[in-house]
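Following: one structure in structure tokens, then a few remarks.
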Amino acid sequence: MQGAWAPRDQGQSPGRMSALGRSSVILLTYVLAAIELTCLFMQFSVVPYLSRKLGLDSIAFGYLQTTFGVLQLLGGPVFGRFADQCGARAALTLSFLAALALYLLLAAACSPALPGVYLLFASRLPGALMHTLPAAQMVITDLSAPEERPAALGRLGLCFGVGVILGSLLGGTLVSAYGIQCPVILAALATLLGAILSFTCIPASTKGTKTDPQTPPPGGPRASVFDLKAIASLLRLPDVPRIFLVKVASNFPTGLFMVMFSIISMDFFQLEAAQAGYLMSFFGLLQMVTQGLVIGQLSSHFSEEVLLRASVLAFIAVGLAMAWMSSVFHFCLLVPGLVFSLCTLNVVTDSMLTKAVSASDTGAMLGLCASVQPLLRTLGPTVGGFLYRSFGVPIFGHVQVAINVLVLLVLWRKPMPQRKDKVR
């Protein structure tokens with residue numbers, strides 16, 4: 001097969017790539033995303049236990065989580081611009097190498113002969129470059145037709161679900177059976193495999209021959225990856241501010257709740273650690289089904305504008321139910337609506353935003369989109385903790401209803417544009 005699995009010096013332009021070649025690259029991209037997410041959730045299973053073993057209290061653990069969130073927040077847009085300029089192969093390889101560095105530092109932190117606390121905080125630094133999911137979204141965006149994009153991006157939810165379920169299961173099982181270091185070493189080996197596959201099998205660029213404005217003219221200055229003005233300029237393009245604001249505003253209340261979920265599950269639901277893990281696996285399974293199957297079917301029958309309004313309406317309904325929630329059984333009943341709202345909102349807004357920019361800027365735009373969750377993880381512990389201590393769990397439902405009613409009014413007052421993709 002020419003191009004899709006070509007050696008690194010023979011990668012074809014997507015403009016000349018066969019349909020079979022495109023399908024192979026997209027399939028490999030899904031596999032790489034599943035590997036990265038599985039390793040990430042294995043790491044999430046390890047870090048709390050390692051922190052406790054090293055003697056960190058809850059405040060220090062909060063600093064650790066905030067550090068990771070801030071680094072991902074700052075690194076997302078820059079990584080996206082790097083992906084646009086240097087191509088999919090370089091972006092995916094860099095992301096996996098950063099993940100490899102994180103897991104090696106984490107493995108070193110597990111050794112009693114080394115300064116574990118310092119190594120644990122140092123292991124957060126490569127997180128600034130760990131953006132495999134936005135890189136995978138860029139590849140899929142570049143290689144899929146505009147009308148197929150919501151379904152293609154939605155299938156990444158299958159990868160996310162695999163990561164949540166398999167990573168959590170492997171992490172907990174391996175920690176119990178073989179110790180904290182085992183899942184970290186396994187994650188390091190898996191990310192090394194991901195880096196090799198990315199470097200040898202992903203095309204150098206997935207953008208068409210007509211969309212190479214990132215390459216400077218002969219003798220001209222090369223655009224900088226760290227050109228923050230160029231990144232910020234994407235947010236001033238027509239309709240982008242409104243779409244991006246809808247994405248951030250609708251995600252914010254649920255983001256606060258999910259950041260506080262570990263505390264809520266212990267204090268409010270009175271769950272043991274294993275029970276909370278089962279609940280998160282249920283959440284991951286629903287997300288996998290919704291993004292991988294449901295959104296693809298809905299996008300073939302309804303416009304993005306209709307799906308966006310439906311997600312906001314579902315957020316309002318879930319918020320009302322959350323305000324009256326009193327048990328974990330009630331939460332399980334509203335989880336399907338919550339998952340549908342989150343998945344639909346994120347897939348549709350990602351698709352709309354990538355259509356609002358030129359094909360040469362899809363990586364930078366997806367990097368900006370990927371910064372939304374780190375932003376919530378950065379602000380969430382402070383804002384969510386204050387709301388929870390002051391008003392209890394119902395406040396998250398009240399905030400969700402209030403914000404999404406305003407978002408719905410904005411959407412009804414001025415509908416979102418239905419765009420065709422930019423020229424490739």
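From the backbone N, Cα and C atoms, a Cβ is placed for every residue, glycine too.
Annotations in TrEMBL come from automatic prediction, not curation.
The feature domain 'Major facilitator superfamily (MFS) profile' is assigned by TrEMBL to 22-416. Annotation source TrEMBL lists transmembrane segment at 25-47, 59-79, 91-114, 152-178, 184-204, 244-264, 276-294, 306-322, 328-349, 391-412.
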Candidate ranges 25-47, 91-114, 244-264, 328-349 - greatest C-beta contact count to the transmembrane segment (152-178) (under 8 angstroms): 25-47
The transmembrane segment (328-349) vs the transmembrane segment (184-204): 3 or more CB pairs under 8 Å: no
Cβ pairs under 8 Å between the transmembrane segment (244-264) and the transmembrane segment (91-114), at least three: no
Cβ contacts under 8 Å made by the transmembrane segment (25-47) with residues that lie 6+ beyond its boundaries: 4, 17, 64, 92, 95-96, 99, 102-103, 106, 120, 130, 132-133, 136, 139-140, 143-144, 152, 155-156, 158-160, 162-164, 166-168, 170-172, 174-175, 180, 183-184, 186-187, 190-191, 193-194, 197-198, 201-203, 206
Chain residues in Cβ proximity to the transmembrane segment (306-322) (below 8 Å; excluding those fewer than six residues from its ends, i.e. six or more beyond): 150, 246, 250, 253-254, 257, 295, 298-299, 330, 333-334, 337-338, 340-342, 344-345, 348-349, 352, 393-394, 396-401, 404-405, 407-408, 411-412, 416
